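Written out below as C-alpha cells is the structure these notes cover.
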Amino acid sequence: MGRVDDHAAFVGTYTGCAQRELFLGEFVVFLALVVRNVSLPWIFLGRKFNTSIYKFWSKFFLDYVFLVFPALLVMTILSQSLLLVTSVLFACLATLLVFVICEYLMSPDRPSTKVVLNRIIDEQHQPTTFLTYFRSCMLVSVAIAILAVDFPVFPRRCAKTEKYGHSLMDLGVAGFVFASAVTNRLKIGNSWEGKTTHKGWNRWLRSSYVILPLIGLARTTILTVLDYPQHVTEYGVHWNFFYTLAVIKVVSNALPRKFPLFWSCLFGTMQQTMLMQGYESWILDGDNQRDTLFSANAEGICSLMGYLTIYYLSDALACFISKTGIRVKSWIECCWRLYVFALLFFLMQLGAEYAFGPPCRRVVNVTYVFAQMSVLTFALAGFLSVQLFSVVAWAANVPHFCVDDSPWCGVQPCLTTSINKSALVFFLLANILTGLVNLTIDTHNTDDVTAMFILISYMLTLCVVVHFRSYVKISRKL
C-alpha cells in the first residue's frame, strides 16, 4: 500500500464500538463537569471572580484538569476503563455532596421546595449555559480525536467507520450540525421570522456564507499542495467538513423556518430513497471509480440531505426548548423531556435498523440520523442536568453557591465559555497543529508515553490560547 492507503487503513475502522460506550463516555464528561462546579465554590469559598492573574489562571488549571484531562484519558490510555473512571468520579462527587448537604442542613436560611422550584431564571442567570457546555465539550472531544487518531494510543474502534456501525468520531459532523441548529434557534427564540439581514459588504464578507467556503477551499488547496495524506472515504477527494456546513447554512437560511419537522421528514425521505436506488452500494462496495468531480466527492455530496435531516430535527428540538418557562421547575421539566426525546430517537433508530440496516456515516442513512440524534440529545439533556445542579443549589441558598444574584459567580470564568466564544479559532488552530505534528513526526509508530505528552501539550496550547483571548477581553472591559 502507498502512503495514503496506509494512512486511511490506520485511521479507519470496520467494526466501530458499542453505542453504549458513547453514552458512557458522555456520562464521564457530565460527572467531571459537576465535580468541577461543586468543588470550585469550596476551593474559592464562593468568592467572586477578580482580575488577578493568579486567580484567573488558577481556575484555568483546575478547568483543564476537570474538563479536558478526563476526556483525553478516556479517549486514549483509559479507553478500556470507562466504568472505572465513572466510578472514581462518582465517588468524588458523592463525597463532596456529603459535605455540601451537611452544611446546607445546618444553614438557617433554607427556602421551601415550592420557593426553590418557582425561582425565576431570566437572561441574567444565563439559562442556556448548558448549550455552552455542549458546544465547548464537543470541540474539546473533536480536537483530541483529530490528532489522537493518528497515534496507536487511540483505540481503533473509536475511529471513523468505513462502512457500518457506531464510533466516537462518527459523532463529529453530526455534532456540529446539531449544535448549529440548536444555537440558531435559541438565539432568535420562538420567532418564525428570525432571520438576520447582513448590511454592508464588510458584514457580508465576515459572515459564514463566505468564511466557511473560503476555509474549505483553503484546506483543500493546502492539503493538495503539501501532498498531505487524506482519508478519502471521509468526504471524498476535494470535499471537506467546511463545505458541508456551508451548504447547510445556505439551505437553512433559504427555506422557511416555520416547519422544521416537515423539512426533516422531506430530506430524510429523499436521502433514504436515493440510497435505496443504488447509491449506497455504489459508494460502499468500491464500485466508485472517482473519475468525475461528483464521483470523486460522492460521500460529501450524497450525505448532504442526511445532514439537513439532522439539522431540521435538531431545529425542531430547539423549538421545544425555546418554549421553556422562566422558572426552575420549567427547566427541570424540559430536562426530563429531553431524556424522553433521546429515548424516542433511540427507539426510532432500532426501527430504522430493522427496516434499512445499521447506521452508516459515509452515506448518512436514516438509521445514522436517528443514532446521532439519540446520542446528541442525551448529551444536551446531560449538560442541562449539570446546569440545573448549580441553578437549584443557588435557588436553595446552599452555602458558597448563592453569594450573588447569579448561579455562576462562584465558578466563573470557565474554560467552556472561553472555548465557546473562540470556537472557530480553537477548531482552526487544532487543525493547524494536527497538520504540523503529522508533518513533523511519524505518528503511526509513536509510543504511548510520547503520544500522551504530545496530546497533553497540544490541548494545553489550544486552551491557553482561547483562555488568554478571554482574559484580554475581560481586562479591556474593566
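Each residue, glycine too, has its Cβ placed from N, Cα and C.
Not measured: the values here are computed from a predicted model.
Pulled from TrEMBL:
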type	residues	note
TRANSMEM	22-44	transmembrane segment
TRANSMEM	56-78	transmembrane segment
TRANSMEM	84-106	transmembrane segment
TRANSMEM	127-148	transmembrane segment
TRANSMEM	168-186	transmembrane segment
TRANSMEM	207-226	transmembrane segment
TRANSMEM	304-326	transmembrane segment
TRANSMEM	338-357	transmembrane segment
TRANSMEM	369-396	transmembrane segment
TRANSMEM	423-441	transmembrane segment
TRANSMEM	453-472	transmembrane segment
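Simply put, out of 56-78, 127-148, 304-326, 127-148 has the most Cβ pairs sitting under 8 Å from the transmembrane segment (423-441).
Here the transmembrane segment (304-326) has long-range neighbours at 120-122, 127, 173-174, 177-178, 180-182, 184-186, 189-190, 244, 247-248, 251-252, 257, 260-261, 263-264, 267-268, 270-271, 274, 333-334, 337-338, 341, 363-366, 368-369, 372-373, 376-377, 380, meaning same-chain residues at least 6 beyond its ends whose C-beta is under 8 angstroms from one of its own. Here the transmembrane segment (338-357) has Cβ contacts under 8 Å with residues 164, 272, 276, 317, 320-321, 365-367, 369-371, 373-375, 377-378, 380-381, 384 of the same chain, all six or more residues outside its ends.
In summary, the transmembrane segment (168-186) does not lie against the transmembrane segment (84-106): fewer than three C-beta pairs, each 6 or more positions apart in sequence, are under 8 Å. Packing against the transmembrane segment (22-44) from elsewhere in the chain are residues 55, 59, 62-63, 66-67, 70-71, 74-75, 82-83, 85-86, 89-90, 92-93, 96-97, 99-100, 133, 137, 141, 166, 168, 171, 375, 378-379, 382-383, 385-386, 389-390, 400-401, 410-411: each is 6 or more residues past its ends and has a CB under 8 Å from a CB in it. Within its own chain, the transmembrane segment (56-78) is flanked in space by residues 25, 28-29, 32-33, 35-36, 39-40, 43-44, 49, 84-85, 89, 136-137, 140-141, 144-145, 148, 151, 153-155, 158, 168, 413-416, 448, 451-452, 455-456, 459-460, 463-464, 467, 471, which lie at least six positions past its ends and keep a Cβ under 8 Å from the stretch. Beyond the ends of the transmembrane segment (207-226), by six or more residues, the same chain brings 198, 238, 240-243, 245-246, 249-250, 424, 428, 431, 435, 439 to within a C-beta distance below 8 angstroms of the stretch.
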